[in-house]
Amino acid sequence: MMHFLSFCLSVASLVSYAGAASTFSPARPPALPLAVKSPYLSTWLSAGTDGGNGGYLAGQWPTFWFGQVTGWAGQIRVDNSTYTWMGAIPNTPTVNQTSFEYTSTSSVFTMRVGDMVEMKVKFLSPITPDDLRRQSLVFSYLDVDVESIDGKAHDIQVYADISAEWASGDRNAIAQWDYGVTDDGVAYHKVYRQTQLLFSENTEQAEWGEWYWATDDQDGLSYQSGPDVDVRGAFAKNGKLANSDDKNYRAISTNWPVFAFSRDLGSVKTSAGTLFSIGLAQDSAIQYSGKPEGTTVMPSLWKSYFSTATAALEFFHHDYAAAAALSKDLDDRISKDSIDAAGQDYLTITSLTVRQVFAAVQLTGTPEDPYIFMKEISSNGNMNTVDVIFPAHPIFLYTNPELLKLILKPIYEIQENGKYPNTYAMHDIGTHYPNATGHPKGDDEKMPLEECGNMVIMALAYAQKAKDNDYLSQHYPILNKWTTYLVEDSIYPANQISTDDFAGSLANQTNLALKGIIGIQAMAVISNTTGHPDDASNHSSIAKDYIARWQTLGVAHDANPPHTTLSYGANETHGLLYNLYADRELGLNLVPQSVYDMQNTFYPTVKEKYGVPLDTRHVYTKADWELFTAAVASESVRDMFHQALATWINETPTNRAFTDLYDTQTGNYPAGITFIARPVMGGAFALLIL
């Protein structure tokens, strides 16, 4: 399969464009989300011109977020003629895609087979923030409906397969597979790495667990596993498969084994369809060392609800109507709230981020003691990175504040159990997902002011949304310890890195200092809420003193127009003052309105085509921080940020899942830095939680 990739992409793309061009609503994203549910179930369709085909499902292989092919193919046979509707199958004409639409949870392609048949191909990755049982299932749906559009009956067969490329990032690894039918009528192919490597990755893919590709065991179903050319060719020739299972277990790249279903829909004069499910079952999900007893194997949360993987699969597949309804409820809520808050450009942004963010987390543990672990994705594989959770946290507060609590839980647990030696807040709980083995030597990436501020701010943000003051009391000692660091370092931050570590270290960072000062005032509120009035008075007094001094140290008063600086005294510099957001989020009113007004006047003077640069060191920007900045800006400046980012989504040449770091002039990746599919884009929801 892979050896045909480059040739097929170029040829098949031309075929796709041979018909009328597809429309894209509300935009044509850089990559179109297909099955996007977890760090390992994350398959996309590249669209941007730097390697994508413009967003046409037929003519290009779907890929894992990291870029390698996860073979997924679809064919349709109409009156004995075969067409490709997904993938880059050689020597097969493609359907004509007429439209694409995305919501927060689904991607829908509309296609035509000549003037005879219309197809609707829907990829649904359900998101149920209030239902952890459903959310714990690492599965996604593919729903294919066909309809005669010429008033005539047509004989139609629908085909879809996956390749063994899903089972391992090592294409030389031996794959093994099996076929079965559950007691409740779900037919499935099970595919897995023959030698399981627990808690191991290869090119970011999981090297353990079992993949399931399933459909209903109904009349007209046939199945087959075998070499890609043989199996796809059998369908094209016969309109059905051999009901045979290839037992020659082999390397993924040896004659590319695929696992296929065909459904004969018979003579279709109106409409008919078929449903597929794809997903990953891992009994053991995470290795975690935060508990007092030491390193613990954390089970996937779904294990508490289902006795076997096939039972989970069976439930998921038969749950389609309910899952689709719940997902539509979320789609509709996000749509209404986004449009009411800031219009269509804002919805274009928010709805594209949802699956991406939730696909960075894994639910583990038990219903009585659940945990959420997050993978940083692409920038590195760090786990529960505090300065990644911080920009992401608005989406969790919007969908269900308890989710943020569960993400922060292991961070507190490791430090409160004495497994981290530094007095400031840790950066992450493990160097590479899925191994949350901590940093017992304190040798994690050092961002002391950044992470202390983030943890204090998020503690109060969660408690306010969840009305959970007991949470603040529970963690008061460590929050107070972190605030001591903020008091010592915030007004004159030492030479250190902030969350924007790729930009380098710097002393006296104006925006970083602001985070620390706001963190101190947040602790004053926490102290007051938890019955520590002396601490509250002390922290508030310090924060007010610092913010008054900060307005002298960090503002270029003589500039035209005035603005905050990147670092103290560097009046020719500037940057996004995104840490201002927490003042408004927490209702602190620590920062004078004049600072907000000053920045509102300034930002339009430095806007580039696709947004406002992060700071004066580069022309690139961070989309998450633009959205934090926009959330507390005036209406006109807010809309300026949203319009630029929505335009970027539609025009960027990048061809991977929504990047948060891009060049504001070209829309491309900055030289040498490629961020992909990161959960930080949960920051798109910053406006919706104010």
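Don't overthink the numbers, they just go from 1 along the chain as shown.
Placement of Cβ uses the backbone N, Cα and C atoms for every residue, glycine included.
Within 10 Å of the Cβ of Asn80 (N-linked glycosylation site) there are 11 other Cβ atoms, across all protein chains. Asn80 (N-linked glycosylation site) falls within neither a helix nor a strand when secondary structure is assigned with DSSP, and so counts as coil. Taken from Swiss-Prot, the feature N-linked glycosylation site applies to Asn80 (among others).
Classification of Asn96 (N-linked glycosylation site) by DSSP places it within a strand. What Swiss-Prot records for Asn96 (among others) is N-linked glycosylation site.
Residues annotated as N-linked glycosylation site in Swiss-Prot, with sequence analysis given as evidence: Asn435 (among others). The local packing around Asn435 (N-linked glycosylation site), expressed as other Cβ atoms within 10 Å of its Cβ over all shown chains, amounts to 19.
According to Swiss-Prot, the N-linked glycosylation site annotation covers Asn508 (among others), on the basis of sequence analysis. Remark: Asn508 (N-linked glycosylation site) has Tyr492, Pro493, Leu553, Ser567, Tyr568, Gly569 as non-local neighbours, by Cβ distance under 8 Å and separation of at least 6 in sequence.
For Asn528 (among others), the entry in Swiss-Prot reads N-linked glycosylation site, with the evidence type sequence analysis. Take the CB of Asn528 (N-linked glycosylation site) and look out to 10 A: across all protein chains shown you find 15 other CB atoms.
The N-linked glycosylation site annotation in Swiss-Prot covers Asn538 (among others). Classification of Asn538 (N-linked glycosylation site) by DSSP places it within a helix. Sequence-distant neighbours of Asn538 (N-linked glycosylation site) (same chain, six or more apart, CB under 8 Å from its CB) are Ala524, listed in sequence order.
Around Asn571 (N-linked glycosylation site), the same-chain residues six or more apart in sequence whose CB sits under 8 Å from its CB are Ala556, Asp558, Ala559, Thr565, listed in sequence order. The N-linked glycosylation site annotation in Swiss-Prot covers Asn571 (among others) and rests on sequence analysis.
Look at Swiss-Prot and you will find 1-20 tagged as signal peptide, backed by experimental evidence.
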Between the Cα atoms of Asn528 (N-linked glycosylation site) and Asn96 (N-linked glycosylation site), find the distance and write it as a whole number of Å.
63
What does the structure give for the C-alpha distance between Asn80 (N-linked glycosylation site) and Asn435 (N-linked glycosylation site)? Integer Å is fine.
51
Which whole-number value in Å describes the distance between the Cα atoms of Asn435 (N-linked glycosylation site) and Asn96 (N-linked glycosylation site)?
45
Three states by DSSP: which one describes Asn508 (N-linked glycosylation site)?
coil
Helix, strand or coil at Asn435 (N-linked glycosylation site) [DSSP, three-state]:
strand
